[in-house]
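S.K.: I have a structure here, written as structure tokens, and I will follow up with some questions on it.
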Amino acid sequence: MSQPNSILMSYGWDPSIYLEEPKLLEGLKPGRVLAVYGEYSKIIIEQGEKKGIFSGALMASGESIVTGDWVLIREIEGDELCIVEKILPRKTFLRRSNPGKRKGSQAIASNIDLLLVIMGLDNDYSPRRIERYLFLAKVSGAQVTIVLNKKDLCMDPENKFMEIKMIAGETPIEMISALDLKQTRTILQWIDPGKTIAFLGSSGAGKSTIINSLLGGEIQKTNEVKVSDGTGKHTTTRRELFLLPSGGVLMDNPGIREVGLFSEGSEDELEEVFPEIAVAAEECRFNDCSHNEEPNCGVVAAVKDGRISEARYFSYLKLSKELMAYQALNDPEEARKKKQKDKQMSKALQKRLKDKGRK
């Protein structure tokens, strides 16, 4: 079992998991997935790094392993290879929907304590994308902080800061220039020893500069690997965990500009990103109001009298429609409900137009 100041505890291992996983006493050892290279994974255990491959049973289960996972492995004596026998329960799970019209979601990482949403104040700036990232973070279960980068390249950084603050609500926001080491190091206040942080942001937002600054070196250049087998230089489309000199664990991950939304349940997480719409929705006549064409809609009324901005309203409608499309694609029953609701909305609109023509 890992002791204080052990390698695994520096990567965030919680010894209480032993109480929940009796299989740890059956010749298996805990480890954390540092990176995934196709059918192989780099795993850290108390004795050092191993190259993990799936057991037959785990492969047959259809489960996939992602960077950040805690796993149980069986060592192979005298070999750097180990067998991954079990994936331990994930406390947080970062995903996005598959690109295009493919079903399901795409795993990004697991067991993230804090997501840092990085956005540049240059051409990368997009309040609407911040809303998508916030939704992704809400669904994952991780805490979130927004970092606005490149303030040195922005003519009106304070105005943009206030615009994002209106969107972010109580979510903490930092505004920095990644080229200023002192400013970049302010991020360390959010990182506790043993906690794992990951970055969300598009390519060009300045994540690499921030990561290299926090790690004290250009890890982007020295750790490029082949996705197929983990050797040689080939691509940067990988996610990998690194220990921070100041304590804590950092996940280096590729830029993500296109963030397809998904939800396994209701629109509760979306309403957390749009709290003003959730408040106005309490005044709606119908419990299942879509806040679009239904009569006596509290949200539409709030837009008309200026309590909700049109930009936020139309963004909410777009994301809500995207969620419904995802649910319909992955659930035939949801597809039937969506078709029925679209039909009802169409009839309601026709009636409103007809009534308007009579006046």
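From the backbone N, Cα and C atoms, a Cβ is placed for every residue, glycine too.
So Swiss-Prot says this about it:
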- 101-259: domain 'CP-type G' (DOMAIN)
- N149, K150, K151, D152, G201, S202, S203, G204, A205, G206, K207, S208, T209: GTP binding site (BINDING)
- C284, C289, H291, C297: Zn(2+) binding site (BINDING)
- 331-359: region 'Disordered' (REGION)
S.K.: Helix, strand or coil for N149 (GTP binding site)? Use DSSP.
M.R.: strand
S.K.: State the three-class DSSP label for K207 (GTP binding site), counting H, G and I as helix, E and B as strand, and everything else as coil.
M.R.: helix
S.K.: Cα-Cα separation of K207 (GTP binding site) and C284 (Zn(2+) binding site), in Å?
M.R.: 42
S.K.: Can you give me the average pLDDT across the domain 'CP-type G' (101-259), rounded to a whole number?
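M.R.: Taking every residue in the domain 'CP-type G' (101-259) and averaging pLDDT yields 81.
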S.K.: If you take the centroid of the Cβ atoms of C284, C289, H291, C297, the listed Zn(2+) site, which other residues of that chain have their Cβ within 8 Å of it?
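M.R.: Near the Zn(2+) site, beyond C284, C289, H291, C297, sit A281, R285, F286, S290, N292, E294, N296, G298, V299, V300.
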S.K.: Measure from the Cβ of C284 (Zn(2+) binding site) and count the other Cβ atoms within 10 Å, all protein chains considered.
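M.R.: 19, counting other Cβ atoms within 10 Å of C284 (Zn(2+) binding site).
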S.K.: Taking the binding-site residues one at a time (A205, C289, C297), which has its Cβ surrounded by the most other Cβ atoms within 10 Å?
M.R.: A205
